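For reference, the structure is listed below as structure tokens.
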Amino acid sequence: MAREFNDVVAATLQSIRYTRGSLHLLDQRKLPLETTYLEIRDSTDGWNAIRDMVVRGAPAIAIAAALSLAVEVFNLDGFNGSAGEAVSFLQNKLEYLVSSRPTAVNLSDAATKLKEVVSNAAATASEGRSVFQAFIEASEVMLEDDVASNRAIGSYGATCIQQQTEKQKLSVLTHCNTGSLATAGYGTALGVIRALHSGGVLERAYCTETRPFNQGSRLTAYELVHEKIPSTLIADSAAAALMKAGSVDAVVVGADRVASNGDTANKIGTYSVALFAKFHNVPFYVAAPLTSVDLSLSSGQEIVIEERSPKELLNARGGLGEQVAASGISVWNPAFDVTPANLISGIITEKGVITKTSAGDAFDIKAFVQKTG
């Protein structure tokens, strides 16, 4: 019997619409002017949707990838292979999906966990279909768990930020999009803002444009208006002036990959915002599930940074509109930058807030993970 998941995030915007055997992704390239859902029939559709940024945000990318393959194997007619052949099929497809966007660790983390699931299933399965069924169920659990994880992040983050100030009302700045559109629902950094608003302590949310793809002006602003959260859009270059004016009590951003020392890769421009915050004594928080942590990396220097098409800078609307730059100009367009741990006040996770060690500017994330289990 097909399971219905749309009620999981009924109260917020949905980037992912899934029932067993069917997946539709909100085409975020067309927001906020047009709301269109694309049908995803298999892992190839999933790969293209991730690479072309139909779906984006590290948690949402991982879930969309898993569900695209779940839909493919659910509807795969005529497969009569063995359990071992099913494992091989799924593992190859997962490796292919991971190649769509290499910086977001959630995607590779999900693939690793799903490989383990299918390997374990094959140990007791007599046919390939049983392995496929185990994969489908595990993918669906990831969808459910992401929403619960985001709500916990929101709660821990709201409490932490309130404890750092004596103000009754707080204004918070965020960068890029980390809400329901970047996750299965509720959001990470935007989930913290949502929790502050629900608690009656949010004065105002500020969101940056987040050039060149404009995830802030197109997506975060759209979510904030939809949720009726008091909010203001600013130019990326206005963040420092806003902090100087005393209008920002905290900054909270998401993460695509966090190294074991706390160095954090996030949307390009995050590092600049962190520097502004440090100079103006504004606390700067990263909000991300533990699946965004990569303990295999000792520092952010080891994080692979994806470079996007020059067209995103050369043309309006993040590359989707008319040409605005001079023909012949060279372009450097990294999708992410790395904010060093010494600029980060705390890392908000679904298990609590990771704070710095007594030694100073370092995080011991491995110890936190071991402690919280």
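Using the three backbone atoms N, Cα and C, a Cβ is placed for every residue, glycine included.
Pulled from TrEMBL:
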| type | residues | note |
| --- | --- | --- |
| SITE | Cys176 | site 'Transition state stabilizer' |
| ACT_SITE | Asp256 | active site, proton donor |
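Annotation for Cys176 (site 'Transition state stabilizer'): spatial neighbours Thr208, Thr210, Gln215, Gly216, Thr220, Val253, Gly254, Asn266, Lys267, Gly269, Thr270, criterion Cβ-Cβ under 8 Å with sequence separation of six or more. Summarising the environment of the residue listed as 'active site, proton donor', the number of other Cβ atoms within 10 Å of its Cβ, over all protein chains shown, is 28.
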